[in-house]
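As recorded in Swiss-Prot:
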type	residues	note
REPEAT	58-87	repeat 'ANK 1'
REPEAT	92-121	repeat 'ANK 2'
REPEAT	159-188	repeat 'ANK 4'
REPEAT	192-221	repeat 'ANK 5'
TRANSMEM	263-283	transmembrane segment
TRANSMEM	286-306	transmembrane segment
TRANSMEM	312-332	transmembrane segment
TRANSMEM	334-354	transmembrane segment
TRANSMEM	439-459	transmembrane segment
TRANSMEM	489-509	transmembrane segment
COMPBIAS	543-584	compositional bias 'Low complexity'
COMPBIAS	585-594	compositional bias 'Polar residues'
COMPBIAS	631-640	compositional bias 'Low complexity'
Amino acid sequence: MIDHNNIIIGNSINSKTFSLIESVKNGKLKECIGYLEKIRLQNPSLDLGEIINSGDDCGNTALHWACYKKWYDIVKYLLSMGADPNIANTDELQTPFQWACIGGDLHIVKYVLNNGGDPHLQDKRGYNSLIHATQYNEISVVRYLLDKGGVNVDSPDFLQKTSLHWAAYQGHTQLLLFLVNKGADINALDSLGRSPLHWAAFKGNSDPIKALCDFGSKTMEKDSNNQSPSDICSSQNHNYLAHFIKTFNYHPFRKVGPLLYNIFWIIFAILLQLYFGFIFYHFTLIPALILFGASLTCCKLFIEPITLSNSPNPLLPTWMITSFTVSFVYYVRYVVPAFPNIILTHTITLFVYSSYYYCAFKLFFSDPGTVSSSTTSQDSKDFINAVEKELEIPEVCSTCLINKPIRAKHCRTCKRCVARFDHHCAWINNCVGVNNNLLFIILLCLFSLAYIISVTFNFKLMSIDENSPLYSEGKMEWWTYHYSTYKGLILFTIYKSFIMAWLARLLYVQITGVINNVTMFELMKPPKGSKKKCCNHAPQDQNNNNNNNNTTTNNSSSSSSSNNNSTGTNNDNNNNNNLGTSSNESGQSNCNIDQHNDHDGQSSEPLLNEVSIQIRSENGVEEDDDDENNKNPSNKSFNKNSRDLDPTQTNFRDSILIPKRTNNNENPYDKGSRENIREFLYDTSKWFRTTTFSNKNF
């Protein structure tokens, strides 16, 4: 025991005279230096390392807090003064390096690792640094630990849960994809005999479930309670997901090749359009509309179950080409014979139609700007180099494992990264990116021009009918005559007018996007907020502990009672999500979590703590180890609201309305209309390059 002017008592710090940890929490480097230098000058023989490595009431040292609070300069100073990066706290046996991984500052993780931090150490639950980073959705830290730290991607905790189990349980889809593509075992079983798919099913995380099924996870695997993932979904009232898992391997098109799949949808689209044409042509308007609505409902019920999600589908492109072909055949069959003398106009019209076909088919099969995935190993080296030299960290594609260039986006439908991603267009069954965006705009212009020509000649054709009543003599008589005489022509014109109204809006967005240098994806995606941490790990002052203990204990009781989830068996205990703190044997309260809102700086209510499950060896019952007061549980909560998935394919409502930009920040790519247009036309190669790394300011 060291007792130097009451600075240290045992292994804890006397808060009346010692201010190092509080100074570190507040990021006051000068106070830290001044305090330690004062002690050095007053007591040259005193071991400063022992002071620095002394902990608070929970055993957290100054380096713990500096790593978690992301005070990079303080971390460097403490390590230079002899701070131990592998000293475990008394509460959870977690090291400063593990707190650095939780904090998420990759440069701090790098620095602590290079100064002796051990990424393989485990806390009292068996969580190593990789599992901690996974729980907090720190994909860059996970990538660094795998590429540089040498951590095994399948390293388990004491309950045999791997990082993939935790990513599936937490709903971190992008991180899950990254781990699988880095070689994680999708069928690894924990002590309950559960795979990652079981835990994704337990929480009802739809995107991880679909991703794991696509990767080939065993959907019928039984756990120690004889429950499959679909059984667990059913017990948690996730009935849709239970049906999805149960029928995944029995999908009618999942085992056939893409050729038969595409042929089916092409034939179906042609027959469906002919059927709708037959309805409107042979029935009067009201019965036709009723039959049309009923047919659409049947199609929806039929199409959705047999459509492969996130897979290219030629249904809409075939529909578009068929519609245009009908218009072209009508023009050649009726318009050209009716107006044989305007040869130049017919020539221009045929050129427009043929150009449209050329552009459409080229868009169907063209490369929108795929970012090559053949540089994965080099990208990994570039990533490590950026971290080691403290440059800007490149963003990784969790599927392609490449450093994504700026404005690039991975399309889940096309399964590739697209440079300067604009959107995935279901009507061309392809992405719109840097290579084909101009061609896409030309296609819209050609369709608009063909529509104007078609409508003009349609009305001219009706006007030369000698039996037609004059419009001035009666509007109703005029419309009745032409609807009965030219029923197909009028219905098709109305149909094309609806399409043209939407395409005009789309063309407007595309042109203004070029002028303002903004893509449709950037217009439609939600604004990115500041990155939030799910908990602060900050113990409150000792004076506040007694006041807050009763409140947090009451919150814990109510939360536990309202958040119990059961898998529906006697061997599966309830999973209790506990809030706040518990009391230890001495009657003193444990370190409470001081939650902060990163957006406005105001304190918020603590988040629900996730469960760490252990098995009772004597009876095999699943138990929440946080329920027992004497175990001094960690007050850790994880980020449960994953914001990983940005849509790559717009829904029908967004396609029609195309909302205005929701991000109020200035567009960083807008250089003025003239420069934007020049860049769009000529400077396309820049979007294939990874962001030019710059020095990071700390």
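Any Cβ shown, glycine's included, is placed from N, Cα and C.
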Given the transmembrane segment (334-354), which of the listed stretches 263-283, 286-306, 439-459, 489-509 has the most Cβ pairs that are under 8 Å apart from it? 439-459
Within-chain partners of the transmembrane segment (286-306) [C-beta distance under 8 Å, separation at least 6 from its ends]: 251-253, 272, 275-276, 279-280, 315
Per DSSP, what is the residue tally for the repeat 'ANK 1' (58-87) in helix, strand and coil? 17 helix, 0 strand, 13 coil
Most Cβ pairs under 8 Å with the transmembrane segment (312-332), selected from 263-283, 439-459, 489-509: 263-283
Return the average pLDDT for the repeat 'ANK 1' (58-87) as a whole number. 93
How do the residues of the repeat 'ANK 5' (192-221) split into helix, strand and coil according to DSSP? 18 helix, 0 strand, 12 coil
